Structures are given as C-alpha cells and as structure tokens.
Amino acid sequence: MTCICIFSIAFLLSFHLTTAQRSTGLQTYIVHVDKPDAQVLANSADLESYYNSFLPATVSGSEVPSRIIHSYHHVATGFAAKLSGEEVKEMEKKAGFVSAKLEKVLTLHTTHTPNFLGLYQNMGFWQESNYGKGVIIGLLDTGITPGHPSFSDVNMPSPPAKWKGKCEFTGNATCNKKIIGARNFISGSGVPPTDEEGHGTHTASTAAGNFVNDANVFGNANGTAVGMAPLAHIAMYKVCSEDGCSDADILAALDAAIDDGVDVLSLSLGGYSDPFYYDNIAIGAFAAIRKGIFVSASAGNDGPLNSTLSNEAPWILTVGASTHDRKIVATAVLGNGQQYDGESAFQPADFPHTLLPLVYPGTSDEEAAFCSSGSLDKFDVKGKVVVCDRGGDVARLEKSQTVKDAGGAAMILANLEIDGEGTFADAHVLPATHVGYAAGEMIKSYINSTSTPTAGILFKGTIIGFKSSPSVSSFSSRGPNLASPGIVKPDIIGPGVNILAAWPVSVENKTGTDLTFNIISGTSMSCPHLSGIVALLKSAHPDWSPAAIKSAIMTSADQSNLEGQPILDERNLPADIFATGAGHVNPSKASDPGLIYDIQLEDYIQYLCGLGYREKDIGLIVQETVKCESSISEAELNYPSFSIILGPKTQNYTRTVTNVGDASSTYTVNIAKTQGVDIVVEPATLVFTKMYQQATYTVSFTQSGDFTDRFVQGAISWSSNEYVVRSPISVKLE
C-alpha cells in the first residue's frame with residue numbers, strides 16, 4: 001500500500017541522511033573540478049587518478065574506493081564522494097577545484113490512451129513511424145520487472161549496433177530484445193535493477209510496452225495494453241528506492257546512459273526549482289542534448305498552486321498531466337435519491353444494493369476528516385459508509401484502509417476545494433468511490449440535513465467517451481517558471497490520470513498469473529507517454545534535433561477537448577497557459593508540423609549568459625569554458641512559445657522557422673487577441689519554395705490601454721493550406 005501511495009502522486013523534494021551517513025559523519029557531495037588536458041580526459045585510468053588527487057590528504061589510498069561512489073565522464077567533470085565538512089574545506093584550497101554540493105534526494109513524480117491519442121494498429125502514424133522500431137528509450141526510475149508480458153520481445157528487432165549498455169539482473173532474470181539494458185545506480189545498495197516499488201515497471205511499459213491482450217485491473221479497463229512506442233527498446237537505470245532518488249546517482253545514471261547510446265531519456269522524477277547550475281537533472285540533460293539525445297521529464301505533482309514546477313530548463317521537455325476519456329464509474333447513491341458519479345477501480349460484484357448508514361466523522365475531528373491511520377477508532381463506523389476528505393498528507397489508499405480497519409463497509413472520498421472535480425480510479429481495499437468537490441459538498445449537506453443519512457455505491461464499470469477530456473489534472477504542477485521566467489513551462493500536457501500499465505505484482509492478490517497491471521496517476525505517467533511519442537518521432541524523422549522534435553510537439557498541440565471547447569482545469573474553467581503550456585499532445589500532427597523552431601547549442605549558451613550566471617557556473621552546465629562575449633534574453637531564445645515581462649516600452653523579438661512541410665508553401669499569421677497588449681508580426685506572410693528553407697519574423701509587443709490582469713495570454717499562429725503552427729504567448733504586464 002505504501003508503495004502505491006508514494007508513487008501515484010509524488011510529493012515535495014526531501015532532504016535526508018541515511019543512518020550510515022549520520023553514524024560516520026560523512027555525507028555525499030557532488031564535486032566539480034576543472035577539465036584536465038585532453039590526454040587525461042581520454043584515458044579512463046588517468047581521469048580516475050586526476051579525480052582521486054582532489055581527495056584530502058587524510059583519505060588513505062585504501063579508503064578511496066569506498067569514498068568515491070561515482071565518477072562522471074559526460075555529464076560533468078567531477079565525481080560524487082562521501083566527505084566530511086572539514087574535508088570539503090580542505091579540498092576547496094586545491095587548484096582546479098570548482099565546487100562541492102551536498103547531494104539532494106528527489107522524488108518520483110495503457111489499455112486506452114494510444115487510441116485516445118489517435119494511435120491505431122496497422123494504420124496512421126503508428127505504422128508510418130514503424131512503432132518506434134530501433135529507438136532506445138532510457139528510463140531513470142525504480143527498476144523494471146523482467147519477464148512481464150509487457151516486456152516480451154516478440155516481433156522486436158535486435159538492439160542497434162551502437163548499443164553498449166549492460167544487463168545486471170541476477171538469478172533467472174535476463175534482458176531480451178525489449179529490455180536491452182538494466183543497471184542499478186543506487187550507491188551502496190548492491191541490489192539488482194529489478195523493481196520493488198512498481199513505478200519503473202509502470203513508466204517503462206507506458207513508454208514502450210509490447211502488446212498484451214486482456215489487460216485489466218479487477219476486470220475493469222479491459223483491453224490490449226501497449227506502450228506509445230511498442231517496438232522501441234528499453235534501458236532501465238535504477239536510481240530510486242522508497243527513500244527517493246539521489247541526484248548524485250541520477251547524474252551517474254545519465255552519464256552511463258549517454259555512453260550506452262540511448263536515443264531518448266525519460267525522467268519521471270524531480271525536485272524544487274533551482275538555478276540550472278544547482279540542478280543536476282538540468283546539467284545531465286544538457287550533456288545528453290549535446291549528443292542528440294532527447295530528454296523528457298515530469299513537471300511535478302504540486303498543482304494546482306502556481307510556480308510549483310520541476311525540470312524547467314528549456315532543453316528539457318517538461319510534461320504536465322491531463323485526463324483521458326475513460327472512467328471506471330462508481331456512483332454514490334444517497335437516501336434522498338440524489339446520485340453523484342465518482343470513480344473506483346475496485347468494483348465488487350457482491351456489494352449489496354441496499355442503502356447503509358452514512359457518516360462524516362470530520363464534522364468534529366480534523367484527523368478523522370482525512371481518515372488518517374487510527375483516527376476512526378473512536379467513532380462508530382462499523383457497517384457504515386464513511387465520508388473521507390482527500391488530502392491531509394494521507395494517501396488515498398491509506399484512507400480506505402483506515403475505514404476498513406475501523407469496520408466501515410464503504411468509503412466516499414471527497415475532494416477539497418483546491419482539488420476541484422478531478423477524480424481517480426484507485427484500487428481501493430474496500431468498496432469506495434471518489435467524487436469531486438461539488439458532489440462532496442452536496443453529500444455533506446445531506447448528512448447535516450437529516451438524523452438518519454444513508455447511502456450506497458452503484459458500480460457501473462468502465463465507460464469510454466467522456467467528452468470533457470482532455471482536461472488538466474489538479475495535481476499537475478503549474479507555471480510560471482521560477483528558474484527562467486522568460487520560458488513558458490510546462491511545455492505540453494499528456495495523459496497522466498488513471499493510467500493502466502504493467503505492475504510487478506497483482507493488486508488483486510491473485511497467484512499464478514503474470515498479467516499484473518495497476519492504475520495510477522501523476523505527471524510520472526504523463527512523461528513516459530511523451531517519451532514514447534518522441535521515440536516515434538525519432539523513428540519517423542531521424543535527422544531532427546531534440547529542439548526540432550520539441551517544437552513539432554508544441555506547435556501542433558491541441559487546444560480543445562472532445563466537445564470542441566477549450567481545455568478545462570480542475571475547476572471546470574478554461575485552463576491557462578501555466579497549466580497547459582502549448583496544449584495537449586497530438587502525435588500524428590507532431591509528425592507533420594509544417595514548420596519547426598530549431599535551437600543550436602550556442603544559442604543555449606548565449607541564453608545562459610543572458611540569465612546573468614557567472615561564466616564558471618555556465619561552464620558547469622555546458623561542460624566547456626565559456627566567455628559571455630554575447631548574450632540573449634530568455635525571450636530571444638528561438639523557443640516555440642513566448643513569455644515576456646512588458647513595461648511601457650515596446651519590445652521586439654525575432655523567431656526563425658524552418659520549413660519541414662510542403663516544399664512550396666505560404667503561411668499567413670493569425671494573432672489571437674490579448675487583453676492589454678497590441679501584438680504586431682512582420683512580415684505577416686512567410687513564403688517557402690523548398691524544404692528546410694528558413695524564414696525569420698519579428699513580433700512587437702506594446703501595452704494598450706488599461707489592464708485588469710497582471711498576466712495575460714494569447715497566441716500567434718502561422719497557417720497554410722495544410723498546417724497551423726501555433727506559439728502560445730504569456731505576457732506579464734508591469
């Protein structure tokens with residue numbers, strides 16, 4: 001139960017020391033040093049000796065292997081070592097020393113979603129992209145479950161010749177042509193890369209699981225489970241346990257993945273916002289894009305509050321979470337005849353249809369309101385339906401366990417106001433339904449209106465076709481971007497609510513079956529959807545850069561739900577740019593976007609100079625000596641979106657697009673009206689006569705009249721006979 005609640009929705013970044021570290025006084029530091037000469041850099045043994053030379057004189061030669069836990073080659077010039085504070089001070093005096101930072105511990109942040117995203121077998125984009133055949137997706141996670149049917153290598157090609165990875169399973173577990181690499185990077189653990197938590201198995205199968213018939217949870221959501229890129233290869237790098245994910249281990253895994261030859265990196269984990277030179281995911285991701293490796297990462301699960309994002313660097317695709325159109329419906333039926341639809345994956349056929357006494361202990365006890373462990377013991381809930389509030393730092397499944405332990409017959413889980421109307425189909429331990437905020441308030445009002453409230457739960461099973469999808473989940477972290485306000489984040493949203501995918505064990509306590517699946521939610525689930533889609537795009541367009549692929553995903557994103565109305569948030573209000581980014585991913589459109597915005601490595605360096613970072617700190621990120629002789633502001637980066645702070649003076653920004661659509665084509669600009677801002681684009685028409693031809697345009701922003709909102713949003717779109725290329729705009733008015 002604990003594993004499910006930890007990984008279904010990740011919580012805040014945590015910092016802690018292990019027991020061993022406390023007892024020895026040593027802590028893990030990530031040490032950055034100057035680059036040695038090329039000869040030393042090219043020889044692994046010489047590089048190790050160079051790193052060892054930075055250790056304090058008090059560290060004897062025999063201690064070195066136990067002190068240095070990771071040596072970095074691609075993502076950083078430096079190493080991770082166990083050191084005391086005094087030893088770090090001694091190292092700071094050495095020539096070539098740059099910095100030493102304490103490791104941070106980060107948190108982990110489909111039978112139907114391929115079809116929901118327009119992917120169908122033997123036709124369309126899936127067929128055109130060859131299902132991602134030959135692309136290698138590297139995932140940094142809790143490990144993987146070899147032998148699960150989702151990781152069968154039926155119809156899989158052999159790994160590409162470039163692959164240099166390792167398989168470190170023990171016993172009878174092995175790699176195959178689907179799982180082509182699996183390694184453990186949790187320092188000091190000595191465990192194989194098998195998955196004890198479930199999170200890594202779930203994300204890996206979401207990204208690239210093979211076709212598995214009759215996948216379901218408790219008989220619900222039944223269908224063929226398959227990942228986004230079913231013919232892509234998987235490489236798992238185990239960096240997380242139930243204690244979290246050390247960024248020193250993450251950096252080591254990124255280092256290895258780059259050397260192994262992955263094509264896509266998928267990171268369903270993150271922490272707080274930091275300057276990029278303190279953010280080891282940003283540092284490792286930059287090393288990856290230097291090699292043409294795409295990096296996709298989850299936005300975080302701290303929504304709907306603003307500025308709660310993780311993974312904000314512009315060279316990372318930052319992914320928020322959306323709903324899809326399938327629900328596993330469980331309806332709360334009240335004694336007054338009112339009914340309120342909710343969700344639950346556990347739907348027992350033998351639950352009686354009779355109404356039972358209904359109670360809400362939270363009226364008099366806050367702990368009991370959240371149904372924390374033991375909080376119901378002083379209440380008479382035996383044989384009753386118990387209302388529990390969502391939140392209170394108590395996992396949803398823990399709440400149902402509390403009700404069961406106290407003798408309750410069923411649970412109605414009610415959202416708080418901040419949660420809005422989004423619900424989850426969890427595998428509860430007793431009959432239950434999860435209802436939205438409005439329904440929860442009506443149910444509590446009914447309880448207060450009568451001395452004998454009663455309720456039951458009517459289980460309706462799996463229903464597909466909810467037209468209000470996609471919508472933004474309440475937990476999905478929101479912008480604005482704190483680390484770089486001039487870059488819109490998240491970049492994109494994708495399915496992350498009630499995602500069915502592979503699981504190491506049966507959640508139904510069944511034995512003798514390997515068809516083990518679970519339904520969980522989080523931006524951790526959205527990220528591998530996008531990682532798999534990126535694998536499809538890499539297969540279809542092997543010459544596209546990471547920035548070009550990101551541009552294609554963003555500029556082709558959907559703005560509407562299945563009803564043709566604007567995408568909504570958890571309050572059923574139109575979602576803003578800080579919730580959706582560019583919009584909801586549309587894989588088929590992304591494969592043929594018409595125009596792309598590309599970015600070169602030098603552009604990123606000028607952008608980092610424009611952030612005002614010290615040259616030494618930029619060098620840590622980009623792994624080369626930097627002289628900031630020229631710089632650009634954030635809004636001048638050739639990004640597929642705009643985020644500006646606009647005062648009284650007009651601001652002008654240029655963008656350059658590359659034609660990847662019809663060779664001969666003409667695009668005309670359309671400007672969505674933005675309150676308080678006049679937007680002018682010149683030229684208003686772009687004409688192309690050949691493929692890969694480039695064109696540059698300028699956008700002018702000017703305040704116009706009074707404004708009531710500090711943040712306003714809009715968009716510019718370039719339209720031809722075949723394409724619409726859209727860039728969202730955020731303006732902060734001052």
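Yeah, the Cβs are placed from backbone N, Cα and C, and that goes for glycine too.
According to Swiss-Prot, the protein has these features:
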- 28-109: domain 'Inhibitor I9' (DOMAIN)
- 114-591: domain 'Peptidase S8' (DOMAIN)
- 357-442: domain 'PA' (DOMAIN)
- Asn172: N-linked glycosylation site (CARBOHYD)
- Asn222: N-linked glycosylation site (CARBOHYD)
- Asn306: N-linked glycosylation site (CARBOHYD)
- Asn448: N-linked glycosylation site (CARBOHYD)
- Asn509: N-linked glycosylation site (CARBOHYD)
- Asn652: N-linked glycosylation site (CARBOHYD)
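Summary for the glycosylation sites Asn172, Asn222, Asn448, Asn652: the Cβ-based neighbour count within 10 Å is maximal at Asn222. Packing around Asn306 (N-linked glycosylation site) is summarised by its Cβ count: 15 other Cβ atoms lie within 10 angstroms of its Cβ, all protein chains included. Cα to Cα, Asn652 (N-linked glycosylation site) and Asn172 (N-linked glycosylation site) are separated by 62 Å. Model confidence over the domain 'Inhibitor I9' (28-109) stands at 87, taken as the mean pLDDT rounded to a whole number. Break the domain 'PA' (357-442) down by DSSP state and the numbers are 26 helix, 17 strand, 43 coil. Ranked by Cα separation from Asn172 (N-linked glycosylation site), the glycosylation sites Asn222, Asn306, Asn448 are led by Asn222. Cα separation, Asn448 (N-linked glycosylation site) to Asn306 (N-linked glycosylation site), rounded: 34 Å.
The two recorded residues, Asn222 (N-linked glycosylation site) and Asn306 (N-linked glycosylation site), show a Cα separation of 36 Å. Counting residue by residue with DSSP, the domain 'Inhibitor I9' (28-109) contains 28 helix, 27 strand, 27 coil.
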